[in-house]
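**Q** Sharing the features that TrEMBL gives for it:
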type	residues	note
TRANSMEM	44-65	transmembrane segment
DOMAIN	56-314	domain 'G-protein coupled receptors family 1 profile'
TRANSMEM	77-97	transmembrane segment
TRANSMEM	103-131	transmembrane segment
TRANSMEM	152-170	transmembrane segment
TRANSMEM	209-234	transmembrane segment
TRANSMEM	246-267	transmembrane segment
TRANSMEM	296-320	transmembrane segment
Amino acid sequence: MDLDLGGIFLENSTYNYNEDYVYKEDCSPEDGVGVRFGTVFLPMLYYLTLVLGLVGNGLVLVVLVQRRWSWSVTDIFILHLGLADTLLLVTLPLWAVQATGEWSFGTTLCKITGAMFTINFYCSIFLLACISLDRYLSMVHAVQMYSRRKPWMVQASCLSVWLLSFLLSIPDWHFLESVRDTRRDKVECVHNYPSLSQSWFDWRLASRLLYHTVGFLLPSAVLLFCYSCILLRLQRGSQGLQKQRAVQVILALVLVFFLCWTPYNIILMVDTFQGRPGEPVSGSCENGRTALENSLVVTFTLACLHACLNPVLHLGLFCLRLWNPDLFTRQATCPRPAVVNSLETAGAVEIL
C-alpha cells in the first residue's frame with residue numbers, strides 16, 4: 001500500500017531507485033490486515049473526510065460571507081484556513097484511488113496534489129501562529145498588531161503565508177514523480193532522486209529537516225508560548241463564564257491541531273533518521289521498516305482529519321457568538337484591558 005500520501009512523502013519507502021539502499025526480500029507490507037486497511041478502509045475514510053470537510057468548510061465560508069461587514073482579524077485568518085483545508089480535501093479522491101490500486105494520473109498531477117498537501121500544512125500552522133501572535137499582543141500587552149485603519153496588513157500577512165508555503169513546497173514540485181515501485185509492482189506518486197546518486201540522502205535529509213524545523217517545531221513553539229501567556233493572563237484578568245469559554249476555545253483550536261499533526265510528525269522524524277544508504281533495514285514486516293510505513297499511513301490519515309475538525313470548531317465559535325454576543329467581549333473600562341480586539345469596536349473589546 002502506498003505511503004506517499006502527502007507533500008512530505010516517503011521516497012517510496014523501497015528506494016528501488018538507488019541500489020545502495022537494501023531491503024529484506026521477505027518483507028512485504030501488503031499482506032493480511034494491511035491489504036484490507038489500505039484497499040477498503042483507507043479509501044472509505046478519505047471519502048468520508050472529503051464529504052464532511054467540504055460541508056463543514058462550506059458552512060464556515062457561508063457564515064463568513066454573511067457577516068463579511070463585521071469581520072475580525074481572527075475571521076479573516078479562519079477564511080484562509082478554510083481555503084487551505086479545502087486544498088487538502090480535494091486531493092483525497094486521488095489518494096483514495098491510489099490506495100485501491102496504483103497512481104494513474106501522471107507526474108504532473110502527482111506534483112500538484114503533493115504540493116497542495118505541503119501548502120495546506122504550512123498554511124495551517126503559519127496562520128495559527130499568526131492568530132496566536134495577534135492574540136498574544138492584544139491580550140497580554142494591549143498592543144494592536146492590526147487595526148481597522150490598516151486592514152491591508154491582515155491580507156498582506158495572509159498573502160505572505162501563502163507565498164512562503166508555496167516556496168517551501170518547491171522540493172515537491174521538483175522531485176515528485178509517477179514511477180513504478182518494483183517491490184510493490186505498481187505505479188506510485190513518490191519523491192524520486194535517481195539522478196542524485198550518493199547525494200540523495202543529503203537532499204532527503206535537508207528537505208525533511210526544513211519541514212521539521214520551519215514547518216512544525218518553530219511554529220509550535222510560537223503557539224505554545226503565546227497561548228500559555230494568554231491563558232495565564234485570562235486566569236488573572238477575566239472572570240466567570242466569559243473566562244471559561246475563552247479558555248476552552250483557545251485550548252480546543254490548539255489541541256486539535258497538535259492531536260492531529262503531532263503523531264505524523266513524530267513518526268516522520270523517526271523515519272527521517274532511521275535509514276541511511278548502504279545500511280540494511282532491520283526488523284520484520286511486523287517490527288521493522290514496514291511497521292513504520294503502516295504507522296505513517298495511520299498518522300497521515302489522522303492529520304487529514306484536521307481539515308474536517310477545524311470547521312466544526314469554527315462553527316461552534318460562530319454559534320456561541322450568535323447565542324451570546326457578549327460572551328467573547330467585555331467593556332473596556334479598566335486602564336489596561338486583559339483583552340483587546342485587533343479590529344477595535346466601540347465600547348467593547350473582543351476575546352476571540
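Glycine too: its Cβ is placed from the backbone N, Cα and C atoms.
Predicted automatically and left uncurated, TrEMBL annotations should be read as such.
Are these features on the surface or tucked inside, and what are their neighbours?
**A** Within its own chain, the transmembrane segment (44-65) is flanked in space by residues 71, 75, 78-79, 82, 85-86, 88-90, 92-93, 95-96, 99, 301, 304-305, 307-308, 310-312, 314-315, 318, which lie at least six positions past its ends and keep a Cβ under 8 Å from the stretch.
Taking the domain 'G-protein coupled receptors family 1 profile' (56-314) as a whole, pLDDT averages 81 in the prediction.
Tertiary proximity for the transmembrane segment (77-97) is limited to same-chain residues at least six positions away from its ends with a CB under 8 Å from its CB atoms, namely 2, 5, 42-43, 46-47, 49-50, 53-54, 57, 60-61, 64, 71, 103-105, 109, 113, 116-117, 119-120, 123-124, 127-128, 130-131, 154, 158, 161-162, 304, 306-308, 310-311, 314.
Counting only same-chain residues 6+ beyond the ends of the transmembrane segment (103-131), those with a CB under 8 A from a CB of the stretch are 2, 4-9, 73-74, 77, 80-81, 84-85, 87-88, 90-91, 94-95, 97, 157-158, 161-162, 164-166, 168-169, 172-173, 176-178, 186-189, 215-216, 219-220, 222-223, 226, 253-254, 257, 261, 303, 306-307, 310.
Beyond the ends of the transmembrane segment (246-267), by six or more residues, the same chain brings 121, 124-125, 128, 131-132, 135, 212, 216, 220, 223-224, 227, 230-231, 234, 238, 292, 295-296, 299-300, 302-303, 305-306, 309-310, 313, 316-317, 320, 328, 339, 351-352 to within a C-beta distance below 8 angstroms of the stretch.
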